[in-house]
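Here the structure comes first, spelled out in structure tokens, and everything after it is commentary.
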């Protein structure tokens, strides 16, 4: 799931609220004036450049409420049977396989809102889609609990921070909790130490975290695999 895919999932989700938080891309196209008309590669990419022509959203939900609904929404969809259309701001029946040059459906079919023949999630494998839906259901359950809505009095992660923990109860040390980061060397150990040092610099010197590679308090060795999140044995597809 690339950043562009995740961003489009949010863009697709927000027009589905009642009332919508964002207008659909098709609505933006309808509001575009003559000076806003644009065509790129044969695709209509028009949208209004003046935000004053947009109707203010009547949605008054909090960010936390929308976040919880995002997880509940995607955790309950049968993604394999749908085409997610940010253009129309709604889910459509998944189309049949198209000849070369057309939209290629997959386990997750998320249509680019401008280049309509492009499924931005075409390379996402079925197990990643299943894991995404499972994580959304778990996150939705957490968002309905008191740990998300109220600050913890026992020093446990709460609110959005609780969503960033590994599955299950967070592992604790003497001063806080531990978040395993799944860094694995690929193609041999060359350069892996430099990657670990760069990640360690950002986490330690920039963010003020304490880093312990692989659950060990020592120095990482060449080719060492850092700990995976508990319950996660799925490896990313080659080339990711």
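All residue numbers here begin at 1 and follow the chain in the order shown.
Including glycine, each Cβ sits where the backbone N, Cα and C put it.
TrEMBL entries are annotated by machine, without manual review.
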Among ranges 90-110, 111-131, 132-152, whichever one TrEMBL labels region 'Disordered': 90-110
Please work out the helix, strand and coil residue numbers for the compositional bias 'Pro residues' (93-102) from the DSSP assignment. 0 helix, 1 strand, 9 coil
Contact set of the compositional bias 'Pro residues' (93-102) with the rest of its chain, CB cutoff 8 A exclusive, min separation 6+ beyond the ends, reads 80-83, 109, 117
Please list, for the domain 'PAP-associated' (64-118), how many residues fall into helix, strand and coil according to DSSP. 15 helix, 11 strand, 29 coil
